[in-house]
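Enquirer: The GTP binding site annotation in TrEMBL covers G19, L20, D21, S22, A23, G24, K25, S26, G66, N122, K123, K124, D125. Summarising the annotation, TrEMBL assigns Mg(2+) binding site to S26, T43.
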Amino acid sequence: MGAIKSKRFKKTPQVLLMGLDSAGKSTLLYRQQRGVVMETSPTVGFNVATVELDKKTSLSVWDVGGQGTMRPNWKYYLEGCKVLVFVVDSSDRARMGEAQKALKKILSHEHLKGVPLMVLANKKDLPNSLTIREVSTLLELDSYTDRVWQIQACSALKGLGLQQAFLSIAKLMHKA
Ligand code: G3D
C-alpha cells in the first residue's frame, strides 16, 4: 500500500482493514475513497492509511505480513476498533497459510476481543480464485466462535461486491 499519500492518523479508528501485502487493500481503498488522508507512522515502522468513510467513521489500513516484531505497538492502534476487515487474495492459495496465521495473531490481541470480523475474499475476477467456502476453510474461520464473522467475495479491481461489503461492514459495526 505504499502508493497512497498520507496526512493524518487517528489513534482510535473504527474499522481496521488488514491483510498481507498484495491482497488488494490499496486497490480497494482507491475504489472506495471519498477523501483519502494517509500517514506513514515512523514511530512504529509500518504504514497506516486512514480514510474517512463518512463524518463519523474512519477506516485505517495496515499490511500485517511480517509485523510480528511490531506487536507491542499494536495496542496503540487496535484500541477502539469496531470491525476488523481482513482482505485476502483468493487466487493465491500458496499464501493462505500465512494469511491464516496473520489473522489468528491479530485476533488474539485483547483489544480485538469480540470485535466482529469481515473477511473479503478479493480477486474473485481471476479464474483460479478459490470459493468463499475454500477460503473460509483455509483461514479456519469456523474456529472463531467467540465473535461474529462474515466472508464475502469481491474484486477490488473491477469494483465487484464492494458496495455490498461496505454495507455489511456498516451493519457489523452495530454488533460490536
Ligand atoms: P495491497 O495494498 O494489499 O498490498 P494492492 O495490494 O492493492 O497494491 O494490489 C496488489 C496487486 O493486486 C496489484 O497488481 C493490483 O492491481 C492487484 N489487484 C488488487 N485487487 C485485485 C482484484 O480484485 N483482481 C485482480 N485481478 N487484481 C487485483 P500489480 O500488478 O499492480 O501488483
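From the backbone N, Cα and C atoms, a Cβ is placed for every residue, glycine too.
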Enquirer: For G19 (GTP binding site), just give me the three-state DSSP call.
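Expert: Looking at the DSSP assignment, G19 (GTP binding site) belongs to a strand.
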Enquirer: Within 10 Å of its Cβ, which one of these binding-site residues (D21, D125) has the largest number of other Cβ atoms?
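Expert: Selected residue: D125.
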Enquirer: Identify, in sequence order, the residues in the chain of A23 (GTP binding site) that are 6 or more apart from it along the sequence and have a CB within less than 8 Å of its CB; answer 'none' if there are none.
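Expert: Non-local contacts for A23 (GTP binding site): V87, V88, D89, A99, N122.
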Enquirer: Looking at Cβ-Cβ distances, which residues of the chain lie under 8 angstroms from K123 (GTP binding site) while being 6 or more apart from it?
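Expert: Result: G24, D89, S90, S91, D92, S129, S155, A156, L157.
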Enquirer: Reduce the DSSP letter at S26 (Mg(2+) binding site) to three states and note it down.
Expert: helix
Enquirer: Please give me the CB contact count at 10 A for G19 (GTP binding site), counting all chains in the structure.
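Expert: Its Cβ shell of radius 10 Å holds 26 other Cβ atoms.
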